[in-house]
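I have placed the structure first, in the form of structure tokens, so that the comments after it can refer back to it.
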Amino acid sequence: MLIFGRMASTSLTARFKQSVTPASLRAYLAEFISTFFYVFAVVGSAMASRKLLPDAAADPSSLVIVAMANAFALSSAVYIAANASGGHVNPAVTFGMAVGGRINVPTALFYWISQMLASVMACIFLKVATVGQRVPTNTVAEEMTGFGASLLEGVMTFGLVYTVYAAGDPRRSPLSATGPLAVGLTAAAGVLAAGPFSGGSMNPACAFGSAVIAGRLKNQAVYWVGPLIGAAVAGLLYDNVVFPTEAPDSLRGLSDEVGV
């Protein structure tokens, strides 16, 4: 028992040391920069639409504006950080990668810190720069329950993280601009589908940062529980069921034929 404890402690120490190397620190900085840019664009677009449209909450064009901002900002944020950190820009994506064994737990925690801090800083910047204009938050529609909203967020995040796995899979094709674009378009589709019901967040950091600065933390569990579960399922399903690392030769040949 003592030997097992020492081995576990040694393993944890080794993983922690891997998480504080110069390359790892650059990855955390890349996550901070890309997440800051993403949250700034998404929350800023919501603030801009509310300023320009008399009744933004009931105007469909406001939803389209936020969806487009999600697509453009997330595609760009993923692309600029991909080579340094993998371009997660989202605690749910990081969680999915950790569950799938792509990164270790200490590194994932540092990613979360970078992403959460970036989100809060972006919302503070927007509030100060716009002279105290109200920072919008993700809200659950009156006719929705918290459980239903969490299910929506979970399903959308599953699609997002599954797309992230597929876009960054070297077995399919080398990562190019089309991968981040696919991720951004998936996020935009989620906003269009669920924006009026749950806000279409799919990103716990974005939901948390705006809620903290706005002082409205109600229903925050919706934007954490659902997305984290959806991300975990996506990571496990992609790597272990749909596209396992060691696929049989017959399946490899079939995949090559259909262009997967």
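Any Cβ shown, glycine's included, is placed from N, Cα and C.
Keep in mind it's a predicted model, so treat the numbers as computed, not measured.
Packing against the transmembrane segment (27-49) from elsewhere in the chain are residues 56, 59, 61-62, 65-66, 68-70, 72-74, 76-78, 80-81, 84-90, 107, 110-111, 113-115, 117-119, 121-123, 125-126, 130, 133-136, 203, 205-206, 209-210: each is 6 or more residues past its ends and has a CB under 8 Å from a CB in it. Look at TrEMBL and you will find 27-49 (among others) tagged as transmembrane segment.
Sequence annotations record features per position, and here TrEMBL assigns transmembrane segment to 61-82 (among others). When Cβ-Cβ distances below 8 Å are used as the criterion, the transmembrane segment (61-82) is approached by residues 30-31, 33-35, 37-38, 40-42, 44-46, 48-50, 53, 88-89, 164, 168, 175, 177, 179-181, 183-185, 187-192, 195-196, 200 of the same chain, each at least six residues removed from its ends.
Annotation comment: TrEMBL describes 109-132 (among others) as transmembrane segment.
Residues annotated as transmembrane segment in TrEMBL: 144-165 (among others). Residues of the same chain lying 6 or more positions beyond the ends of the transmembrane segment (144-165) and with a Cβ under 8 Å from any Cβ of it are 78, 88, 90, 92-93, 96, 100, 182-183, 186-187, 189-190, 193-194, 197-198, 200-202, 219, 221-223, 225-231, 233-235, 237-239.
Sequence-distant contacts of the transmembrane segment (177-200) (same chain, six or more residues past either end, CB-CB distance under 8 Å): 63-64, 66-68, 70-76, 78-79, 82, 87, 137-141, 144, 148-150, 152-153, 156, 159-160, 163-164, 166-168, 207, 222-223. Positions annotated as transmembrane segment by TrEMBL: 177-200 (among others).
Here TrEMBL flags 221-238 (among others) as transmembrane segment. Panel annotation: around the transmembrane segment (221-238), residues 91-93, 95-97, 99-100, 102, 138, 140, 146, 149-162, 165-166, 198-199, 201-204, 207-208 of the same chain, lying at least six beyond its termini, place a Cβ under 8 Å from a Cβ of the stretch.
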